[in-house]
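Q: Dumping the structure here so I can ask a few things about it.
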Amino acid sequence: MKKSKQHDLSDADNTGKDDKEKEKTLSVGYFQLFRFATWRDKLMMVVGSLCALIHGSASPLMLLVYGMMTNTFVAYELEVQELKDPNKECINNTIHWTNGSIYETTENTTVSCGVNIEAQMTMFAYYYIGIGLGVLIVSYFQIVFWVSAAARQTHKIRKTYFRKVMQMEIGWFDCNSVGELNTRISDDINKINNAIADQVSIFIERISTFVFGFMVGFIGGWKLTLVVIAVSPLIGIAAGLMAMAVARLTGRELTAYAKAGAVADEVLSSIRTVAAFGGEEKEAERYDRNLIEAQNWGVKKGSIIGVFQGYLWCIIFLCYALAFWYGSKLVIDTKELTPGSLIQVFFGVLMAAMNLGQASPCLEAFASGRAAAKNIFETIDREPEINCFSDDGHKLDKVKGDLEFHNITFFYPSRPDVKILDNLSMQIKAGETTAFVGPSGSGKSTTIQLIQRFYDPQEGMVSLDGHDIRTLNIQWLRSLIGIVEQEPVLFATTIAENIRYGRPGVTTEEIIQAAKEANAYNFIMALPQKFDTLVGEGGGQMSGGQKQRIAIARALIRNPRILLLDMATSALDNESEAVVQEALDNVRAGRTTISIAHRLSTIRNADVIVGFEHGCAVERGTHSELLEKQGVYFTLVTLQNQGSSNTANEVITEPNEDEFDLKVGNSRHGSCRSTKSRRSVRLRSRSQLSSDFVPDALSGSFMIPSDLQITSKDVTEDDPEENEESAPVARILKYNQPEWPYMLLGSLGAAVNGSVNPVYAVLFSQILGTFAIQDLNQQRKEINGICILFCIVAVISFFSQFLQGYAFAKSGELLTRRLRKVGFQAMLRQEIGWFDDPRNSPGALTTRLATDASMVQGATGSQIGMIVNSLTNIGASFIIAFYFSWKLTLVIMCFLPLIGLSGMFQAKMLTGFANEDKKSMEAAGQVSSEALGNIRTIAGLAKERSFVESYEQKLELPYKSAKKRANIYGLCFGFAQCVIFMAYAASFRYGGYLVRVEGLPYMLVFRVISAVVISGTALGRASSFTPDYAKAKIAAAQFFRLLDRVPKISINHTDGKKWEMFKGKIEFLNCKFTYPTRPDIQVLSGLVVSVKPGQTLAFVGSSGCGKSTSVQLLERFYDPDEGQVLIDDHPSHTVNVPFLRSQIGIVSQEPVLFDCSIAENIQYGDNTRTVAMEEVVEAAKKAHLHDFVMGLPNKYETQVGAQGSQLSRGQKQRIAIARAIVRNPKILLLDEATSALDTESEQTVQSALDEARKGRTCIVIAHRLSTIQNADIIAVMSQGVVIEQGTHDKLMAKKGAYYKLVTTGAPIS
């Protein structure tokens, strides 16, 4: 909707045209998919379609030959029977009595004879070979032409689409999430490709078989054709119903599993909390409860599939009975048909119906292609409102750098109801430094984006040196501007390349110069590869301060006239901030600079300060002028100073900031907030919890481990695991042991189903045989008997199909549930370090539970059914064939491997190519996702073109391989299609020989050939299931590897020591520690500190000095690499983990709550027993929570929402405190428990904490020094060691590091 709204704004003049367009784009017509085809492509597609038409007519043609052949056999058989009488002989192709008179039957007709069966058969064999060769050639061209034409078109679509997306204005990206665009580039275009490639030719081929099949039927005998057609809708209806039912049930099953998946995801994302409160068993139970529903739906689905399959087979066999009964009447009584034409009609109609059924999956591909094309083509046709590739607009000769805003009104296109700028006017003089201040959401960052012309204002204008910037050339305008953002984006390449992005064609000297100016040169030279160091995905290998300085160097190398600093230092700690600030101060000289900041220290020395409020510039002046005015600026300054007397330059209104963000919904990242800035905020809070801010030796700042950060080391580790040997089937079956009765029943059903086809071959040939019986009554009796047998087979196969479906669904679903539960328990058993590995992120683990378990099921249940089915099928066929004619069987067997191979080829082609495609597209996918994810940065640097070029270059390889593959695919396809014709040619030719020489009854030839060919197709079908099977074994191997992994820290209740009087004495003895995922960074390097029972120890120090890490060692989330943690004088690694954790209560900075009621969250504090409601209320009172809860409508039953989203931070903190109190721990750990709160809630929470600390050993990690002045011991940490410790007064007297921290009032965060 929003998109069309924008259209109407821009195209208000041609609305008429617009409406028509809208109707047209509702859905893309099928032929519009080919809009990128050149005439050469069109020619290829037309020729390909012709070939497909001819290919489609081959099978019906073969039936004509087959019919003629049957007649020949029947005639020969009759002749043989007549000539058994020694008194008859064959003269001039008519049977005479031996005395020379002509033999006449009872109806006074003569009987012809002298069928030269071998000559006839040779001719038929030539026909078959001719058809086969034709098919080989035609099907090769049909595939090659379509596939390569499609490859060229999709290549073009990809290029056009990416180019167009890179041209779009930023507002468009706000309305389309980057993830969605990435999937469109990969999946949607693949869907279009499927809709215009080989599927089309196969569809045409099947439809043509359908048409020709009916034609052959009607030519042969119209009455029988009509009778068979009359019954066929029953089959179609059943197939349709089955598809619908399965789709609906799968949906149900998925939603049911989604609940369990949500539980798993919630638990794994907050694994530290679960571990700290010993909730592993409780969670496993909760997960299992949610699995039951999914299991029941799965069983239902299996049974329904069974019923429908049974019904289908039943109808098919009843059809056979009817057709043969009525057909034989036409042959015997009215003589309208010959036996050959009976076969021709029957198989013609059957073939037509089957091909119509097989053509329907193609329609699905076409439909999804059209749906996918809708989005893609809409984007391709959309005109960007601000086109960065256009060459229009002036370039000024000389730029001073005066900026002026004239009455600007602006809202983000993604949120038209929120006015961000409201009639804003202001001037920014050239060469001055202007600072913007104001509460979050007042429009400061937005003005910066307007200067870069990421958006155009709805009213008013921005001018540069008096020219409206809309009249200037975009690329040129952006080349004047250097920008440093709060969270700078680096591209995944080397440092030098990142700086080079600033301006094309710079020399290495200039890069070095810029790095020096940005104060980055020294740390770059200290790195092993200097300027060629890779910065990692999103700059993940660099610390915050290093990234900032590289970004500043990138901005400087442009030698910009205008420098925009958007909170460039807010994410840094003090030390790095000072360095970066200094770099910024140096480069501001002589440029127009606009700086947005929250910390006043950074903007005091600006020439002009502009105060923003509600999207207007309400005041401007210098620092001192504005303080006198007592306006916005004054409030911000006082707010900042009042927080606590000793944190003078704490961040401006930092606490309120989040609240602002929630209210206004606008964040400093403009409106792509939901994705970008939310992610960064979340990342940071998570990493602080796990103390992932590790000091980086070079700059003392911290690293933000991004989820994407995979170092080269990880990659090498990754590969051997992927090519893991598959799990032994025996072990998978062991897990399925309790279900053996089901598996037995299922196998029984499968065996019956397998023997149905060979039985059909016997009955079918028997009918042909009856036509050669001379006594008509005898003939009728035999035919009726056979039809009754057909009916019996129909009923039996209904029940056995149902049995197979139900039994295997039941055993499979039980297995899936058991595996999921066991797998989940195994995950919860692992030590915390295991979860730090990016391969074991919560997302990856939940998908593993969801998919791997159900894939393993594929290796047992239905798979066993399939195998049993195929084996009985093949076994029975061969027994029949060898029994009746072993010679002929051996001849046909030569072709079996080829037929089986061709079946495998087809299965392989469809799956194998899809995977190859994915692989080859990955390189291009990385370019596109990096480009779309960082579109603002790219637009700011005007680098869109280079990304488009690099993307197109990466596409060349997949395109070439696609064209090469078209040929291989075509050859395989042609070969697979023609093998069966060759098999028929050889076997019938030899069959004719046997009939003449050895007097083999002709019906046995048919019996043997159809039995063996049927078993060949069964072979092919069994082999087409192998990919699933291989996947299942690999999945199982991964699963068992998880189950077999021995955690480094066992949480078993029996391992380790327990003792009665737990006092709570803690000592750290020379602990050294590195995080397993980052072994190169030493976090603790010899920590020594001790606490006596009942004392409070406070840790202070800058981010990443190892404060939180020490807490995690105490909880035994990790064990130290060297040294020991002693608890009551027992080394921690000898202590029973559940026992130790049960003595510890923890309240962390971002408490994790579970998606259940407040009471349940508090009860989570002690999972060893059921906590009574009185205790919950008691704990809530101590945590100052009770009154607030009683004010809620549902009181303690109020749901807190996912991750506690329904509550404010202060409320969450207090629930977490109550949860810790319920545990009644001897040791209380408070990890920055009040840092995220505003002043008011902080006081409440603080008093709750003071209450909770009474009589317990307590370790506090503090953010604000005011909160810890009354601690018994204060330990100041730096670089992983304690540099000084003592009481507040002692440390103040010492005038060391602590004194400095208190007096400068620096925030220690």
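Note that Cβ sites are derived from N, Cα and C of the backbone, with glycine treated the same way.
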Q: Pick from 200-220, 515-535: which stretch is listed in TrEMBL under transmembrane segment?
A: 200-220
Q: In this predicted model, what is the average pLDDT of the domain 'ABC transporter' (1066-1304)?
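A: Here the predicted model's pLDDT, averaged over the domain 'ABC transporter' (1066-1304), is 76.
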Q: Tally Cβ pairs under 8 Å between the transmembrane segment (999-1019) and each listed stretch (226-247, 740-763, 968-987), then give the stretch with the top tally.
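A: Answer is 740-763, with the largest number of Cβ pairs below 8 Å.
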Q: Using a Cβ distance cut-off of under 8 Å, indicate which of 43-69, 226-247, 310-328, 968-987 has the most pairs with the transmembrane segment (125-149).
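A: Against the transmembrane segment (125-149), the leading stretch is 968-987.
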Q: Under a Cβ pair cut-off of under 8 Å, which of the recorded stretches 46-368, 403-639, 1066-1304 contacts the domain 'ABC transmembrane type-1' (744-1031) most often?
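A: The stretch with the most close Cβ contacts to the domain 'ABC transmembrane type-1' (744-1031) is 46-368.
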Q: Rank 43-69, 226-247, 310-328 by Cβ pairs under 8 Å to the transmembrane segment (200-220) and hand me the top one.
A: 43-69
Q: Do any residues of this chain, six or more beyond the ends of the transmembrane segment (310-328), have a C-beta under 8 angstroms from a C-beta of it, and if so which?
A: 221, 224, 227-228, 231-232, 234-235, 238-239, 242, 337, 342, 345-346, 753, 756, 760, 763-764, 767, 770-771, 779-780, 783-784, 786-788, 790-791, 793-795, 797-802, 805
Q: How about long-range neighbours of the transmembrane segment (43-69): same chain, 6 or more residues beyond its ends, C-beta under 8 Å?
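A: For the transmembrane segment (43-69), the nonlocal Cβ contacts are 34, 37, 120-121, 124, 127-128, 131, 134-135, 138-139, 141-146, 148-149, 200-202, 204-213, 215-216, 220, 338, 340-341, 343-344, 347-348, 351, 355, 977, 981, 984, 988.
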